[in-house]
Amino acid sequence: MKETEEENFVTPGEVLGKASEFKAGKGAYVSPHDKTVYASLTGFRSITPPPVDSDDPRPTVEVTGHKAHGPVPEPGAIVIARVTKVMAKMASADIMCVGSKSVREKFTGIIRQQDVRATEIDKVEMHSSFRPGDIVRALVLSLGDARAYYLSTAKNELGVVSAESAAGGTMVPISWTEMQCPSTGQIEQRKVAKIGA
Amino acid sequence: MAGKASATPATYSPSPTGHRKKRPPTLTDSDWIRPDGRTVHQCRPAFLRTGAVNSASGSAYAEFGNTKVIVSVFGPRESKKAMMYSDTGRLNCNVSYTNFATPNRSQAPEPKDLSSMLHKALEGAIILKSFPKTTVDVFALVLESGGSDLPVITTCASLALADAGIMLYDMVASVSVSCYGKNLLIDPVSEEESYQDGSLLITCMPSRNEVTQMTVTGDWSTPKIHEAMQLCLDACSKLGKIMRTSLKESASCPHD
């Protein structure tokens, strides 16, 4: 068993196969001038058969990361971020987790007024949607500009996941737009994420 | 970091090119034994280990004779705010010498030169478009400078990048050759470097057979350059195998 594992363990630059026989998956790339698939990560080589309905008969060869670099936000990924600044037209947040993995060092993201919710986007009040210190679940819209990724909370399951009230207790969501402090009973406005079914 | 006895030898020497041209025999010829007991075409034994620095994304330690280098890689992480947006990732290299690396401070080369040379050597091997907008930082620290520093730094940095999980086109191996009169000394030590007539440094990707950097200093004739290049490329491919073995070893015995 150990021998087959060692045969399948690849390092960057090792040949995985010919481009005519395999498609390059994650951790592999095709070199155009000699039509070969090489590995680009260190890990184990795995071959997945092609999906049933695709017209490409080649199986995909990929390198299942023995070690992958820390996660980086990509467009379309769900991230967990902590709001740092709330301004009139946007809120700034530090991205702390991408998917289910936490990042090694935080990335900066912003949520613009028009991306907070799906309806009535011009009437959004940033201060009634987020406060500094809130933990939000957001979707990465794009790489954004040099300073920050663009995030969006315009879906039911996106928005504030956990927040602290002015008194200091962890608030409980009571509706789409309100959260209540359990100790003082104060209701505060947030763009709440619907968790669960 | 418990060491494991490996089956592959840690020394590597390129095949001699003597069959093509016979060099006129001089006093200092191919049977000349160098101060550390090597022949002219023999490289120093290489000791490579990954995972030396826990807090970094990836790291490696290399010891080639008396040259000891430790490289840590951080990233991909957010670029500084002042930088302009870029579609591809960025590489940032920094080489520094410790105070005790050389016998006297004046021998330490200018760190900015080595940093930019390391950058040129590595940027051809990293798939930058796989991490847009972010930066990968490579920090190399030379603990002891025993000669042939930049090749060891480059080799160690490539191992650290592979350990960090950064996507690479191929591993990068680097070897330098010193020219002394009619002789070529591979992998020179600092004493040999001080009386060399010229040097040739090659950084290549052994599996893809591509050269990412070539540095030539001093006086070289064309056939000499060809011979030196052959020696270097041969040594690089052997060094590449040693690097892959050390990656495999560190992966199979997890660190505690």
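Yeah, the Cβs are placed from backbone N, Cα and C, and that goes for glycine too.
Residues 56, 58-68 of the same chain, all 6+ positions outside the domain 'Exosome complex component N-terminal' (A:9-48), place their C-beta atoms under 8 angstroms from a C-beta of that stretch. For A:9-48, the entry in TrEMBL reads domain 'Exosome complex component N-terminal'.
What TrEMBL lists as domain 'Exosome complex component CSL4 C-terminal' is A:101-143. Secondary structure of the domain 'Exosome complex component CSL4 C-terminal' (A:101-143) per DSSP, as helix, strand and coil residue counts: 9 helix, 20 strand, 14 coil.
As annotated by TrEMBL, region 'Disordered' applies to A:46-69.
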Note = Reduced to three DSSP states, the region 'Disordered' (A:46-69) has 0 helix, 9 strand, 15 coil
